[in-house]
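Quick look at what Swiss-Prot annotates:
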type: BINDING; residues: L118, G122, H123, L124; note: (6S)-5,6,7,8-tetrahydrofolate binding site
type: MOD_RES; residues: K227; note: N6-(pyridoxal phosphate)lysine
type: SITE; residues: H226; note: site 'Plays an important role in substrate specificity'
Amino acid sequence: MSAPLADIDPDIAGLLGQELGRQRDTLEMIASENFVPRAVLQAQGSVLTNKYAEGLPGRRYYGGCEYVDVVENIARDRAKALFDADFANVQPHSGAQANAAVLHALMTPGERLLGLDLANGGHLTHGMKLNFSGKLYDVGFYGVDPTTHLIDMDAVRAKALEFRPKVIIAGWSAYPRVLDFAAFASIADEVGAKLWVDMAHFAGLVAAGLHPSPVPHADVVSTTVHKTLGGPRSGLILGKQEYAKSINSAVFPGQQGGPLMHVIAAKAVALKIAGTEEFADRQRRTLSGARILAERLSGADVAAAGVSVVSGGTDVHLVLVDLRNSELDGQAAEDLLHEIGITVNRNAVPNDPRPPMVTSGLRVGTPALATRGFGGAEFSEVADVIATALAGGRGADLAALRDRVTRLARDFPLYEGLEDWALVGR
């Protein structure tokens, strides 16, 4: 029971050490990834992993829950206070399970759901035909304007009036602009639909007051706690009090059994951190870094190579890069940046002619670098590295670019001393 991981399972310990090295020595720019504080790691690796706690605080189906009840209540209270919401359920194991619970609470199978098309930046759980949401519900989609790549609210209204959905989803996985939540709410009211906002990507910006909050406009709001919020990989549901009972029942027993109390403790820690000025500063640097990146990727040298920025810029933490006119496809560009030590993900762009495993775009995000401490100068440097690589393709001096990346990574050490604590047990 007391032997450290390195002694019990050196294979896994070795792989964890290698992954730690990868995170330290490269630049993480996948928009949905971040680095959690050590306090979050400690909470998630705590003895709460041993405790079963089906039900809600004060109404458990197991004994011995006197302490985990307090933990969950703290997490719920912090979530409500941070986002000024009437109620919160902190039990979803993931964003996808939170979304499944929302649909379970608001709809019955076969009813109509309207969301942003996956090909235009929507999420799998917003009605993609191979996902549970596309199999259980009658799904319609709105998209982006083919020229501006912006969501046209008049077109959304027209689609809603034609389709008459039970629920309208406002949210995205790869859309670089702020949504008009008031307009979505007005459309939902007009057609008698419920409005559900999935703010998984931009919740941290909302918490810091840098992005409009959907909470005053939506019936229900779901989010992940990682991404911009910088907490453990998990989900969270907020909303109006009138939906609390149906949401709670949809989570348990509708979607899950026992909650992961060690993860809920980690959520509580992350939500406390999200109310601090240090967190707000991090979000400001996240946002400014994305704008620096978008501006550099709109430069003449990049444009000459056929690379452009979808919608011409960004309002959030990510930039969507269009490679349709470039010699690179999404897979090739992802591999090229990986070779110089920058991790991104290939991503479809609107009207993408290539298959989803290849794509014609990249999704590039700034949260993890802001968490490491990057400011304007560093974001300008990494933006120039990416621009130079994409403009030059395989003809770029990749070794020189890799050296620049390595220097940036080593200037901002990550998880110093973590090996001794997490792997060796000292």
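Each Cβ is built from the backbone N, Cα and C atoms, and glycine gets one as well.
Using a 10 Å radius centred on the Cβ of L118 ((6S)-5,6,7,8-tetrahydrofolate binding site) and all shown protein chains, the other Cβ atoms total 24. Neighbour counts were taken as the number of other C-beta atoms within 10 angstroms of each residue's C-beta; across the recorded positions H123, H226, K227, the minimum falls on H123.
When the alpha carbons of K227 (N6-(pyridoxal phosphate)lysine) and H123 ((6S)-5,6,7,8-tetrahydrofolate binding site) are compared, the span between them is 15 angstrom. The separation of H226 (site 'Plays an important role in substrate specificity') from L124 ((6S)-5,6,7,8-tetrahydrofolate binding site), Cα to Cα, is 18 Å. Proximity of G122 ((6S)-5,6,7,8-tetrahydrofolate binding site) to non-local residues of its own chain (separation of 6 or more, Cβ distance below 8 Å) is seen for G115, L116, M128, F141, I169, G171, W172, S173, given in sequence order.
Counting in whole angstrom, H123 ((6S)-5,6,7,8-tetrahydrofolate binding site) lies 16 from H226 (site 'Plays an important role in substrate specificity') by their C-alpha atoms.
Classification of H226 (site 'Plays an important role in substrate specificity') by DSSP places it in coil, neither helical nor stranded. A distance of 21 Å separates the Cα atom of L118 ((6S)-5,6,7,8-tetrahydrofolate binding site) from that of H226 (site 'Plays an important role in substrate specificity').
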